[in-house]
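Visitor: Below you'll find the structure I mean.
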Amino acid sequence: MPNQHPLLSSNLLPVGSNISTWWNFGSMLLTCLALQTSTGFFLAIHYTANINLAFSSMIHILRDVPYGWTMQNLHAIGASLFFMCIYTHIARGLYYGLYMNKWVWLSGTILLMLLMATAFFGYVLPWGQMSFWAATVITNLLTAIPYIGTTLTTWLWGGFSINDPTLTRFFALHFILPFLIISLSSVHIILLHNDGSNNPLGTNPDIDKIPFHPYHSYKDMLMTTIMITLLFIIMSFSPDLFNDPENFSKANPLVTPQHIKPEWYFLFAYGILRSIPNKLGGTLALLMSIMILTTTPFTHTSHVRSMTFRPFTQLLFWTLIATFITITWTATKPVEPPFILISQTASVIYFSFFIINPVLGLIENKAMMTK
């Protein structure tokens, strides 16, 4: 069958025999995307994009709609699993030098930004306390743009404050962006199949390739099954694991929560934003925390593609992971000592990875050439 059908034969390409479990996260991300789109569709059927009815419509979905609680919890927990998979996927790309496949990496970075935008718009929709205030804080960052900032913010809000028009357009954007993500995911996969996948050794896989199906397709199915099992376990036993307690109260513009914070998957970027006392500087740092990923294909200096055989670069990589976790943790804390200093130090270390990595590559090259 795969040999006969052109669509199947073009997608089930031979792959290097030694690709590890870290290569399964692409298919897991596609599963998450399918799950989020389908559950989101059923939620959109019952949701009302009105500031007076949005919170009530969420309660209606949970209590009155048959299996509405399943759809709502799958969608909320699925978003967290989506980001767990995408961050692992990016970390794998950094570790094994997959960013050298430039167009795949750049399209992936755009996908990440689209996904973050979609998740942000979705977080506003329940119109709970944290939804409202997170939207207020993040959209307010647009005012930091010189000259046009205030006009741009008013245009986005559809008025002089976050109100009914804001919720309506956020719902429209949250509905349409996943289809853009699906389209760009297709481009991402086509670009990957253009050059083929890399492997843990960073060597040319052409000398030892095996059919994708059944060898790697079953491996993909195993990891996807584990992920879906984990999703259902969380949904059954701890459905509110990733939810903020503040969001169980309806949005009140007159009462500010003690500590405004977005969902956990935005905390590292939010932590970098908060660590800089200047509004414009913080906004630029927030953007750069994601945009800096686009520099890696152009700053790779090592003769060796993967970090598998580069112990010093491995140390640098795991420092980056520890820094990412530290920034995420500090962003959950109030803006007071010692968290301000920890956050600032961690932010400097985060960005310095992308500067030290090329320098370390040159040093390694020099060391390998000396006898």
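Every residue number used here counts from 1 along the chain in the order it is shown.
The backbone N, Cα and C atoms fix where each Cβ goes, and this holds for glycine too.
OK, Swiss-Prot features for this one:
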TRANSMEM  25-45  transmembrane segment
TRANSMEM  69-90  transmembrane segment
BINDING   H75, H174  heme b b562 binding site
BINDING   H89, H188  heme b b566 binding site
TRANSMEM  105-125  transmembrane segment
TRANSMEM  170-190  transmembrane segment
BINDING   H193  ubiquinone binding site
TRANSMEM  218-238  transmembrane segment
TRANSMEM  280-300  transmembrane segment
TRANSMEM  312-332  transmembrane segment
TRANSMEM  339-358  transmembrane segment
Visitor: Nearest of the binding-site residues to H89 (heme b b566 binding site) by CA-CA distance, picking from H75, H174, H193?
Guide: H193
Visitor: Give residue numbers and ranges for long-range contacts of the transmembrane segment (280-300): same chain, 6 or more residues beyond its ends, CB-CB under 8 A.
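Guide: Same-chain residues near the transmembrane segment (280-300) but 6 or more away: 90, 94, 97, 99-100, 102, 105-106, 109, 112-113, 116, 141, 144-146, 268-270, 272-274, 347, 350-351, 354, 357-358, 361.
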Visitor: Would you say the transmembrane segment (170-190) and the transmembrane segment (312-332) are in contact under the rule of three or more C-beta pairs closer than 8 Å, pairs 6 or more apart in sequence?
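Guide: Taking Cβ pairs at least 6 residues apart, the transmembrane segment (170-190) and the transmembrane segment (312-332) are not in contact, as fewer than 3 fall under 8 Å.
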Visitor: Let me make sure I understand the structure: which of the binding-site residues listed (H75, H174, H188, H193) has the fewest other Cβ atoms within 10 A of its Cβ?
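Guide: It is H193 that, of the binding-site residues H75, H174, H188, H193, has the fewest other Cβ atoms within 10 Å.
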Visitor: Below 8 angstroms Cβ to Cβ, which residues of this chain, lying six or more residues outside the transmembrane segment (105-125), approach it?
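Guide: Result: 47, 49, 54, 79, 82-83, 86, 89-90, 93, 98-99, 131-132, 134-135, 138, 166-167, 170-171, 173-174, 177-178, 180-181, 184-185, 187-188, 191, 262-263, 265-266, 269, 290-291, 293-294, 296-297.
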Visitor: According to DSSP, which of helix, strand or coil covers H193 (ubiquinone binding site)?
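Guide: In the DSSP reduction, H193 (ubiquinone binding site) maps to helix.
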